[in-house]
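The block underneath contains the structure these notes are about, expressed in structure tokens.
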Amino acid sequence: MWFKSYRMTFSYLNRIKNFRYPWVKLYSTSQTTVDSAEVKTFVALAHKWWDEQGVYGPLHSMNDLRVPFIRDHLLKTIPNHQPGKPLSGMKILDVGCGGGLLTEPLGRLGASVIGIDPVDENIKTAQCHKSFDPVLDKRIEYRVCSLEEIVEETAETFDAVVASEVVEHVIDIETFLQCCCQVLKPGGSLFITTINKTQLSYALGIVFSEQIAGIVPKGTHTWEKFVSPETLESILESNGLSVQTVVGMLYNPFSGYWHWSENTSLNYVAHAVKSRVQEHPMSAEFVLKRETEELQATACTNPAVHEELKK
Amino acid sequence: MAARFVRRWDAVRAAARSGLLVSCRRWSGASTDTVYDVVVSGGGLVGAAMACALGYDIHFHDKKILLLEAGPKKVLEKLSETYSNRVSSISPGSATLLSSFGAWDHICNMRYRAFRRMQVWDACSEALIMFDKDNLDDMGYIVENDVIMHALTKQLEAVSDRVTVLYRSKAIRYTWPCPFPMADCSPWVHITLGDGSTFQTKLLIGADGHNSGVRQAAGIQNVSWNYDQSAVVATLHLSEATENNVAWQRFLPSGPIALLPLSDTLSSLVWSTSHEHAAELVSMDEEQFVDAVNSAFWSDADHTDFIDTAGAMLQYAVGLLKPTKVSARQLPPSVARVDAKSRVLFPLGLGHAAEYVRPRVALIGDAAHRVHPLAGQGVNMGFGDISSLAHHLSTAAFNGKDLGSMSHLTGYETDRQRHNTALLAATDLLKRLYSTSAAPLVLLRTWGLQATNAASPLKEQIMAFASK
């Protein structure tokens, strides 16, 4: 009962906020997933991205969790990686890269990264920051655009797509995830970090973080747009992506560090893989055949197993 | 609110640490200088070992490292017959570090001496403490500094594609990046050498000794004082060949005298004493010097009856409680000759930097801490710094982090300050405690030493701490 009443209050407040911009249709049927109200919030803070003690401090320290997560899951798909440049040869798309906080570490690990963001100022900051490092300058490319704008030209070209702290800011999450899937190579990985839609995330993520403690600037997040892992998983599955891992993350505002957690009711990270069988049912059989052959080859040293397989 | 406070406090600390007052010149505009990932300033034992550790680190295969050494390259064509008078006691932990990048093998092929026991005793009483490992494993190694340096140089040459070494290159100016990220301001540290060439780096490691230029340029406070002592080093020939695997140290009221084994017939002397006495020792003729050394180890002139009785009482009590463990005082081997021209003296002091790290700067070795040689820990603390910093940087590199970021540099600082401060304080306390022949303090230290000798767990803790 109480939950229902504050939810109604909340959507009432949301409507008041959007009334100020009557020319912006919140639930538009246009092709863009970019929310221009969100864009305005980020424009104001565009120059503060690289201050590790500033407003984006928590995002900097989140790198300690998300970079090893992405790196380790991608390394599983690379047979022999070069020491020093473990992700070299991988093409990664960082959607909603902001100032390049996550793009740069991925570039340092050897990957070729394209970072896109709809906010021009963010890309300017990111571009400027990477220009001082000659190695990163070559590996990273930034573009001011939304994901939908590049879907056509980059279909099935990326080994991995990273959408970190983005899905809670887009208008149409189904279209967004569909586009993510389209730009991924078959077998490619999608990494999403976002905030769960729970009572706890409202209390801690909005009320405490934004209004009381000021950890996150006011107006950054809208509780209505938070996504639960179950919703995310169902949308991903319907697009041909199978969710491999979902892990919770917890932020300690006093130490400034993030920790892994079993509990996904606040922040969480999800790793999904695009299935290799898409429009080619023939190739599925071929894959199955090859896998059986490989199994036989490795098991032939054990005669008992060999017997089993023959059966 | 709490987080805002925490963030602002961090920002204030960061601003304070960024050395706003010290040469914060903006290096604007594009630069064609080479950008190195790490520059190590100072190519001594600790600086060269740091460059080696990073050069051989698996996560640094893609990185560019520069080592700057002000002196010329020391080439050791052939190991000389005479031993060098500057030796270091290498702990097992340091030996592990050196073997991790293959330098220890070179040292083994040249020469070193392992010691298995250490006897430390007082001149003013019969109290002594004997350190040894249960299974008589090596407690430590005495290696000449030249031998270590040669091993490190060889290993650096083997990774010359990743580590560039510049000899006769002294940095004359460091320019720090702006404390807050700004559009046209280079975020790297700029180094200018004496010949005018400039480099940029993401992390500057200061390994340039106790008068560190990096530390001074960064404006880091240094707590330091000079001891009223100088150390005299020499290479001594023993009267007769012995197994020579024991390290001896006797605390005289004027300062500790130590005999470290080099070979069956040779030992190295480190005698810390007052400036005047040190000057006398270096200038007196060889026979007198040998007599002075022998009498320093053997003479009981400083014993007093009172202390002897008190010591004997405690020893009796210990004997009742622990009847098995009785360590009789042994005498070190007598000295017959001293190597000509091997007598040198150098002043002693204590130093400790208030901060080991700043954004994009880290201090290691004597630049961060300077200690009395009585515990044989000086270079070992430096090697410990290298282990810790290399570990933190390796993890950071594997996480794609900016190497100069304070988040992992403060991890190194916390690690090492805890260890080093304790060791520095203990060494300074021991030095002061043993610099007097006043009866109450002698009594205190006699009983303390005897009690510590009897308490094996305590001795094992001390050995473990010192072998890290």
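Glycine is no exception: its Cβ is also placed from the backbone N, Cα and C atoms.
TrEMBL: automatically predicted annotations, no manual curation.
Classification of A:S164 (S-adenosyl-L-methionine binding site) by DSSP places it within a strand. Long-range neighbours of A:S164 (S-adenosyl-L-methionine binding site) (same chain, six or more residues apart, CB within less than 8 Å of its CB): A:M62, A:R66, A:D94, A:G96, A:L102, A:F191, A:I192, A:T193. Summarising the annotation, TrEMBL assigns S-adenosyl-L-methionine binding site to A:R66, A:G96, A:D117, A:S164.
Residues or ranges marked as Mg(2+) binding site in TrEMBL: A:E165, A:E168, A:H169. Within the same chain, the residues at least 6 positions away from A:H169 (Mg(2+) binding site) whose Cβ sits under 8 Å from its Cβ are A:D35, A:E38, A:G96, A:K225, listed in sequence order.
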One should report the C-alpha separation between A:D117 (S-adenosyl-L-methionine binding site) and A:E165 (Mg(2+) binding site), rounded to whole angstrom, as 12
Shell list (Mg(2+); ref centroid = CB of A:E165, A:E168, A:H169; cutoff 8 A):
A:G96, A:V166, A:V167, A:V170, A:T194, A:I195, A:H221, A:K225
Among A:D117, A:E165, A:E168, the binding-site residues in question, whose Cβ has the most other Cβ atoms within 10 Å in this structure?
A:D117
Taking 10 A as the limit, how many CB atoms besides its own sit near the CB of A:G96 (S-adenosyl-L-methionine binding site)?
25
DSSP output for A:R66 (S-adenosyl-L-methionine binding site) maps to helix
Let me know the DSSP-derived helix, strand or coil state of A:G96 (S-adenosyl-L-methionine binding site), please.
coil
